[in-house]
Amino acid sequence: MNPGIDLEQRFVETLMELGLTPGVAKTIWLPIPMLLMIIGATVGVLVSVWLERKISAAAQQRIGPEYIGPLGILAPVADGIKLVFKEDIVPANTDPWLFTLGPILVVIPVFFSYLIVPFGQNILITDLGIGIFFWIALSSIAPIGLLMAGYSSNNKYSLLGGLRAAAQSISYEIPLALAVLAVVMMSNSLSTIDIVNQQSGYGILGWNVIRQPIGFMLFWIAALAECERLPFDLPEAEEELVAGYQTEYAGMKFALFYLGSYVNLVLSSILVAVLYFGGWDLPIPATMIADWINVDPNNAIFELVTAGLGLVMTLLKAYFFLFLAILLRWTVPRVRIDQLLDFGWKFLLPVGLVNLLLTAGLKLAFPFAFGG
């Protein structure tokens, strides 16, 4: 396994060369990963909302946001400010506690999932040994919040939306977990850092998408369903359910659903990049690049530059899949609820089980290529 670039160590060494003590250098490093996560999640939501509007406008031969900032880039900020100052209305005959708790239970687990997401080598809040299991466990909390929101709203459309959301989330959670288990089986670890390191060192040929094409498609389809993106947006189908479980929500409570949806979409895009496309790993191995430019691969400056490029690579891969998710909204029709459940239980689940067994067999037969 390629140990990768220890960005923390290189950062501390660079500061020590400038005259700082090891303690001060480590103290300076400590808040940087957390700040990057907060900034990354916030900027990711703003950029994804702006991209969705621009790409949607282009698909419909419109201009989209234009006047609020350059190219309308401040339109998502204006939307956020508007929602903050909107009146928070709680309809009569609702359960106020469940009505308030619903959106909170949907949003908080998504933000906690960012704890284990690496944007680059050692650029994450914590490298949990059970990182993937932690993320799957957190993602299973959201259906409870969706059911609460639908049930407590005292509205038939909200209730139907909540039931659809819970059924959809439960149906596609299992194929998603099976796809991830195949990756975990190859990397022999539940840590996202170990999964990326297992793919590094061979460039694009080492990425899991080469060895797990079925698992990748399975994960991507299930992730779209978990994010309630077209063609799987049945819980909030405007033509059928007004806005689904969000129908009775306004102000900041509605904003929490809106925020959670896009944060989850960005999270899923990053996880696709991390699990199947090498995360921060470059398409060409760093050692090969060092040979081309005649530089020592262990040079501190070269490793810092490579780590910076790795951060850019992670974001580029993630935003490519974000672009695909937005494009799918305008290119595929919505499925019916019976088609959605049949597809999840009768197709994706068996395919996930077969893929897991196939991975186990290939690992035994070719341990050098499948992480034996």
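Cβ coordinates are placed from backbone N, Cα and C, and glycine is handled just like the others.
According to Swiss-Prot, the features are:
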type	residues	note
TRANSMEM	27-47	transmembrane segment
TRANSMEM	65-85	transmembrane segment
TRANSMEM	97-117	transmembrane segment
TRANSMEM	128-148	transmembrane segment
TRANSMEM	176-196	transmembrane segment
TRANSMEM	204-224	transmembrane segment
TRANSMEM	249-269	transmembrane segment
TRANSMEM	308-328	transmembrane segment
TRANSMEM	351-371	transmembrane segment
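Counting residues 6+ beyond its ends, the transmembrane segment (351-371) has Cβ neighbours under 8 Å at 174-175, 178-179, 181-182, 185-188, 198, 211-212, 214-215, 218 in the same chain. Within the same chain, residues 172-173, 175-176, 178-180, 182-183, 186, 195, 232, 268, 271-272, 275-278, 281, 283-284, 321, 325, 328, 344, 348, 351-352, 355, 358-359, 362, 369-370 sit at least 6 positions outside the transmembrane segment (204-224) and bring their C-beta atoms closer than 8 Å to a C-beta of that stretch.
Fewer than three CB pairs closer than 8 A are found between the transmembrane segment (27-47) and the transmembrane segment (128-148), and contact between the two stretches is not assigned (pairs 6 or more residues apart).
Of the ranges 65-85, 97-117, 128-148, 249-269, the one with the most Cβ pairs under 8 Å to the transmembrane segment (308-328) is 249-269. Cβ atoms under 8 Å from those of the transmembrane segment (97-117) belong to residues 37, 40-41, 90, 124-128, 131-132, 134-135, 138-139, 141-142, 144-146, 148-153, 192, 245, 248-249, 253-254, 256-257, 259-260, 263-264, 267, 270-271, 274 of the same chain, restricted to positions at least 6 beyond its ends.
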